[in-house]
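Okay, structure first, notes after.
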C-alpha cells in the first residue's frame, strides 16, 4: 500500500518555476572580447587600488587648499576623481596631478582677445553725438573733461578715443580752411592736450615722398624754357637749350634768417623765460662782471651771518653746518690771494686829486730859497 503522506504529496499541483532574466550588458562589456584590453596604452587598476588612489588625491587637494586659504586667487582643484572618469582613462593610469584653474576673472585675460574683449572701430552711429557736439560748438571745438566724460558714456568710447576724434576733426577743418574759431578762444579745462595734438600735426615735418611729389608737380606745371639760338653766328642750324641755373640753397639756416616763432603757451615757464634767456645769450657777461657779482654776493652773505652771530652766538654755532665754516674760510683765503695778485691801479678821480695837490703845494727845494729873500726884503 502507498502511505497517505506520499499520496497527498503526489496530489499537490506543481507550481511553474520562473527564471529571472540576466541584466543587459553595457557597450564596453559587450566589446570587451572584441577590442584589445589595453587599447590606449594604459594599464588596468584593481577596483580597490583605484579607490585608494582616489582617496589619496582627494586628501592631497583638501590639504593644499587649506594651506592656501586666505590668499587672493586661490587655485581650485577638483576633489578626487569624478564618477564618470575611469582610472584607466587617466594619463599614466593614475589620478596624478590634475590641472588647476584660478577663480579670479581677471586671470582669464588673454593678449590676443580670447577673453571676449575685442577691439572695435568706431562706427558712424557711435560718432554721431560727437559730430552733433562739434556742430553746436563751432566757435570753440575744445570739449572740457566733463564734456568728454559725457560723450564717452554716450558713445561707448574711451576718453582717449574721444580726444583723438576731436583732434582729428580740428586738423581736418584746418586743412580744409574751415576754421571758425580763434586759437586763443579755448577753454582752460583740459584743452592743453588737444592743442598740443594740433600743434604736433601742424609742426610735423613732411615726408620725403611728399617733397618729391611737390618737386615733380613744379617741374610738370612750371613754365617750359624755349630753345634760343646762340648769339654768335657760327652754325645757324645747331641750337642749344639754355637752362637757368638754380641758386643753391644751403640746408643750414643762417643766424640772420628769421625763424618762425612758436606761440607761447599759457602757464608755461619755459616759454615765459625763453625771451629773457635769448636776450642774455646775445650779450654774455664778462669775467669782471662775474667776479663783481660773486664778491657782492659773498659780502652780503657775510654781513647776514655776522648779524645772526651777534643776535645769538650759541644758536648760530649749533645751527651752522661745519662744512659751511670750512667753505667760508676757503673763500676768505681765495679773496686775499686775489687781492694780492690784482694790480694796484688808482682810480681816475684819485689820480686827478693827487695831481692837483702836487701843483698847489710847493716843493721842499724851493721853500728854503724863498724864505731868505723874504727876510732880506
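Glycine residues also receive a Cβ, built from the backbone N, Cα and C atoms like all the rest.
Source: prediction; values computed, not measured.
So that you can see what the record holds, here are the features copied from Swiss-Prot:
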- 120-177: DNA-binding region (DNA_BIND)
- 191-201: compositional bias 'Acidic residues' (COMPBIAS)
- 359-377: compositional bias 'Low complexity' (COMPBIAS)
- 1-27: region 'Disordered' (REGION)
- 176-292: region 'Disordered' (REGION)
- 340-377: region 'Disordered' (REGION)
How do the residues of the DNA-binding region (120-177) split into helix, strand and coil according to DSSP?
37 helix, 0 strand, 21 coil
PLDDT averaged over the residues of the DNA-binding region (120-177):
86
